[in-house]
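Enquirer: Feature annotation from TrEMBL assigns active site, nucleophile to CYS502. Look at TrEMBL and you will find GLN375, PHE406, GLU427, ASP475 tagged as S-adenosyl-L-methionine binding site. Residues annotated as region 'Disordered' in TrEMBL: 31-60.
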Amino acid sequence: MTALPAHGCLRSLALPRLWLRNLRRTTSVAASSLPDPLTDEAPLPLPSDDVMPRSRPATASSMYFPKKNQTLELECLSLAFKGKGVCKVADTGFVVMCDRALPGERFIGRVTRRKGNYAEVTKLETIAPHWDIVEAPCEYASNCGGCKMQNLLYEAQLRAKEQQVHELIVHVGRFSKDDLELHNLMKPIVPCDVQYHYRNKMEFSFGSQRWLPKEFLGEKLNGPDKYALGLHAPGFFDKVLDVKKCLLQSDPANRVLEAIQDCWKDPELSLSPYDVHSHTGFLKHLMLRTGRDVETSLPELMVNFVTSSYEPELLKPLVERISSFPEVVSIVNNVNTSIGNTSVGEKEYILYGKPTIKEVLRGLTFQISANSFFQTNTQQAEVLYKLIEDCAGLKGDGSEIILDLFCGTGTIGLTFARRVKHVYGYEVVPQAISDARVNAELNGICNTTFVQGDLNKIDENFGRNFPKPDVVISDPNRPGMHMKLIKFLLKLRAPRIIYVSCNPATCARDLDYLCHGVAERNIEGCYELKSVTPVDMFPHTPHIECVCLLELR
């Protein structure tokens with residue numbers, strides 16, 4: 001395991017200041033691409049004093065614009081949203097975005113897309129490797145889009161993620177860099193102690209068309225040889241990279257994956273992968289979930305086959321093969337007859353064992369079904385929830401009201417329940433609300449109310465069914481919060497809001513609205529930002545979690 005420096009050391013390893021000079025140009029690109037919660041129309045511009053002013057004299061970089069399919073020599077300066085490299089065209093300063101480019105790397109790229117004031121390129125050839133290069137331990141790392149930062153030293157991954165959050169808070173959130181530093185609002189990123197085998201859920205796809213690297217494109221695959229079970233190749237919805245082992249999931253899950261790979265293509269089993277073009281075939285997805293036996297703490301595994309029809313006799317040989325593993329305690333079949341590629345079935349059948357597995361989080365036991373929402377990294381979720389608890393600053397006298405927005409299966413709210421008067425949770429997914437209620441009963445918690453509803457479609461009646469909360473916890477999905485909800489929160493004026501985000505770009509935007517308001521809509525902000533703490537929940541991926549504390553002014 002890579003040794004990590006103390007949190008304070010991360011700041012001393014900051015990226016070159018050259019990135020900050022070029023950020024002025026890329027900030028407007030990032031802001032203009034954000035989904036807008038105000039309307040269903042084009043995104044609302046996010047003005048910032050730090051964005052390049054219109055009156056700035058034309059420079060060589062602003063006058064230069066590459067053509068589509070043009071080949072360029074580039075240098076990667078930093079990582080931006082979704083892990084794309086921010087790169088500079090040699091001798092011009094013009095900035096483009098490139099997938100799989102890493103800081104310090106010099107390479108040849110081809111322009112694939114022009115849009116507005118930026119361009120995207122595809123890397124063709126590396127001239128000089130990036131800083132902090134390491135050998136990726138996964139054999140699929142160069143082709144799989146899942147964890148494409150494996151060949152970047154973990155400390156460097158943390159630096160890049162922390163830097164990205166900092167710049168978004170400043171340039172999209174419109175918070176002064178001086179204020180962030182003076183009041184210590186921007187906290188160091190919290191690393192993940194376990195950097196492999198941390199995922200408790202992985203979803204693999206069956207495919208009728210196996211994806212091959214360029215060096216093998218000349219090979220002709222026939223019959224079952226062209227089938228695949230694995231992960232979708234980046235940029236392809238119809239091609240699957242065949243994977244026999246994933247270093248992000250547990251060892252028992254990998255043993256089950258390998259066992260299925262060894263036999264499912266056998267012609268005698270008459271198993272066919274689903275074809276997304278012809279909409280024929282039987283096997284759609286394989287989902288593996290790892291939990292824990294509450295009494296022994298040993299791993300327990302759920303295997304979920306997602307198929308296009310219910311034909312248990314076809315799955316019987318696979319069920320017999322994998323049920324021999326002692327960790328496998330549940331095998332289910334979700335049947336999805338739609339032409340879509342979702343892994344959630346219309347009906348679920350138990351093929352072996354029990355219908356659920358369990359996991360322990362912050363002293364509570366959670367029951368997990370095949371389609372349950374649950375934190376994917378259990379160990380780091382413990383760290384995340386402790387940060388949320390610290391931000392809540394509960395009195396501990398059982399007098400406070402918690403409003404848990406986008407509550408999922410209630411994991412956050414339930415961990416608070418025994419220290420407060422009542423928790424009110426809202427979530428759009430009916431199954432998640434059902435699971436939340438089951439988990440409350442499982443843990444003997446009676447002071448929770450979980451309600452199913454779409455928080456993007458609230459009306460003037462929202463808020464009448466619960467008392468004014470002392471703390472609001474909001475954990476929205478990647479698009480962030482709709483302006484209807486932001487307006488409600490500004491009117492509610494709860495003393496504290498804890499904003500938990502999986503997308504630092506939309507997080508920065510929503511913090512701006514809550515603190516600074518939206519002048520052109522006559523919306524006044526009423527909150528003060530007290531802290532932003534990035535958390536690395538998923539090492540080797542571009543994903544970043546943030547815990548932000550807001551207090552009423």
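If you go along the chain as it appears here, the first residue is 1 and each next one adds 1.
Each residue, glycine too, has its Cβ placed from N, Cα and C.
Worth saying up front: this structure is predicted, and the values here are computed from it rather than measured.
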Enquirer: Inside 10 Å of the Cβ of ASP475 (S-adenosyl-L-methionine binding site), count up the other Cβ atoms and send me the figure.
Expert: 22
Enquirer: Write out, in the order they occur in the sequence, the residues of the chain not among GLN375, PHE406, GLU427, ASP475 that have a C-beta within 8 Å of the mean position of the C-beta atoms of the recorded S-adenosyl-L-methionine site.
Expert: PHE373, ASP404, CYS407, GLY408, THR409, THR411, ILE412, ALA432, PRO476, VAL500
Enquirer: Which whole number of Å gives the largest C-alpha distance between any two of GLN375, PHE406, GLU427, ASP475, the residues noted as binding S-adenosyl-L-methionine?
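Expert: 15 Å is the greatest Cα spacing among the residues binding S-adenosyl-L-methionine.
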Enquirer: Quick one, of the recorded positions GLN375, PHE406, GLU427, CYS502, which Cβ has the fewest other Cβ within 10 Å?
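Expert: Fewest other Cβ atoms within 10 Å, among the recorded positions GLN375, PHE406, GLU427, CYS502, is found for CYS502.
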Enquirer: At the Cα level, what's the spacing in Å between PHE406 (S-adenosyl-L-methionine binding site) and CYS502 (active site, nucleophile), rounded?
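Expert: Answer for this pair: 12 Å between alpha carbons.
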Enquirer: C-alpha of ASP475 (S-adenosyl-L-methionine binding site) to C-alpha of CYS502 (active site, nucleophile): distance in Å?
Expert: 8
Enquirer: How big is the Cα-to-Cα gap, in Å, between GLU427 (S-adenosyl-L-methionine binding site) and the residue listed as 'active site, nucleophile'?
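Expert: Just about 16 Å between their Cα atoms.
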Enquirer: Could you tell me the C-alpha distance between CYS502 (active site, nucleophile) and GLN375 (S-adenosyl-L-methionine binding site) in angstrom, no decimals?
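Expert: Cα to Cα, CYS502 (active site, nucleophile) and GLN375 (S-adenosyl-L-methionine binding site) are separated by 12 Å.
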